[in-house]
Amino acid sequence: MSAAIVNAVKQCGYFNQGQCLSCRHIQQPLAQQVAVKTQTLQQLLAPFIPANSAELFLPPITGDDSGFRNKAKMVVLGAAHEPVLGIVGPSGEAVDLCDCLLYPADMQALLHRLTRFVQQAGLPPYRVDKAKGELKFILLTRSQVRGEYLLRFVLRSHNGIERIERELPALLAEYPQIKVVSVNIQPIHMAILEGDEEIFLTENTRLEERFNHVPLFIRPKSFFQTNPQVAAQLYQTAREWVAEFSPRSLWDLFCGVGGFGLHCASNDITLTGIEIEAEAIACAQMSAQMMGLENVQFMALDSTDFAKGKSAADKPDLIIVNPPRRGIGEALCQSLSEFAPKAILYSSCNPKTLAKDLEHIQGYHLTKVQLFDLFPHSDHFEVLAMLVKD
């Protein structure tokens, strides 16, 4: 990325007018944002870095500062004849976010079309204050490989499904790149994003994505990185770091749809992927099948429980962990220390819990740390840390 782009300030009308403050650092140049994040990371990990070892921190990886996000979570507001897709603003007003700069142009256009779809279907937006209405959220996910979409309508009940089905053929004829459509039923009168019941309105139930020639699949409830450009670099870096150890066996804990493990896999490596979300495991299994991988096992289990149930004799050469923001926790840290693999690759979306976990992983030292700016304009970022056995 050129210096001019990195040092430019993004102009966002929503932020300037005080309507949406989610991108709290959008008025800072990207280079400045990344410098602050780098400093934060270095301070948090300072206790684990030997003196005169600043070279452990590799240069941060950045991507575009707009049009990078592949997922939109839109609250549906307003009325059936005049719906608004966006957020509730700071003053309680409905803010239309269809032109949010984080979304690619084709995604912005589709969001505008979905506003008209809601109007044509006559779907009344759910009113939290009155506990009335039907349509709560519209969730839209984009695959960068073909510009295809997964579209979800979150409803209070089954009452709105018929209206969606009535208008859907015209929408799909206009936007054939919408490959998956589903309705999620969320009956609870609370600000919860989704419920347990998912009803597919298309034959397709998953969206294909591809990073570094690795096929990955997205289903409605499976977690997937929201910045494909930087996520692809994150997975590629993990692949290169793991290859340095030539492992014959590998665990991928909190594996999600298998992004890390599948990037590192080959038929010479025995790969075990563990993830509690069954939908994500189904996606990972499909990817492994497409890649022709034979020594691969993906299981829908709790990662901590899985590790506790294993003996030292089962230990792999290398373990990858990619936990949610809470980190891996003391119990799993203890299990990793006892298994004593050659190396542990830790991918973290919360450097505070990474630092906390590092206190409890015994017998290892950091050899590489790299920041990946998956979330421009926010305080958040991803970190890849390589721990090697003492």
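In case you wondered, yes, glycine gets a Cβ from its N, Cα and C as well.
Per Swiss-Prot, [4Fe-4S] cluster binding site is recorded for Cys12, Cys20, Cys23, Cys100, and the stated evidence type is sequence analysis. Annotated S-adenosyl-L-methionine binding site per Swiss-Prot: Gln225, Phe254, Glu275, Asn322, in sequence order. If you look up Swiss-Prot, you'll see Cys349 marked as active site, nucleophile.
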Checklist entry - Which of the binding-site residues Cys12, Cys20, Cys23 has its Cα closest in space to the Cα of Phe254 (S-adenosyl-L-methionine binding site)? => result Cys23
Checklist entry - Long-range same-chain neighbours of Cys23 ([4Fe-4S] cluster binding site), Cβ under 8 Å, sequence gap at least 6? => result Cys12, Phe15, Leu102, Pro376, His377, Ser378
Checklist entry - How long is the line from the C-alpha of Asn322 (S-adenosyl-L-methionine binding site) to the C-alpha of Cys349 (active site, nucleophile), rounded to the nearest angstrom? => result 8
Item to check | Inter-residue Cα distance where the pair is Cys349 (active site, nucleophile) and Gln225 (S-adenosyl-L-methionine binding site), in Å | outcome: 11
Checklist outcome for this item: Greatest Cα separation in angstrom, residues Gln225, Phe254, Glu275, Asn322 binding S-adenosyl-L-methionine per the record, works out to 15
Next on the checklist: Of Cys20, Cys100, Glu275, which is closest to the residue listed as 'active site, nucleophile' if I measure between C-alpha atoms? They're all binding-site residues.
Outcome noted: Glu275
Next on the checklist: What are the sequence-distant neighbours of Cys100 ([4Fe-4S] cluster binding site), meaning same chain, six or more residues apart, C-beta distance under 8 angstroms?
Outcome noted: Tyr14, Cys20, Ala72, Gln108
Checklist outcome for this item: So Cys349 (active site, nucleophile), by the Cβ count within 10 Å over all chains shown, scores 19
Checklist entry - Including all protein chains shown, what's the count of other C-beta atoms within 10 A of the C-beta of Asn322 (S-adenosyl-L-methionine binding site)? => result 25
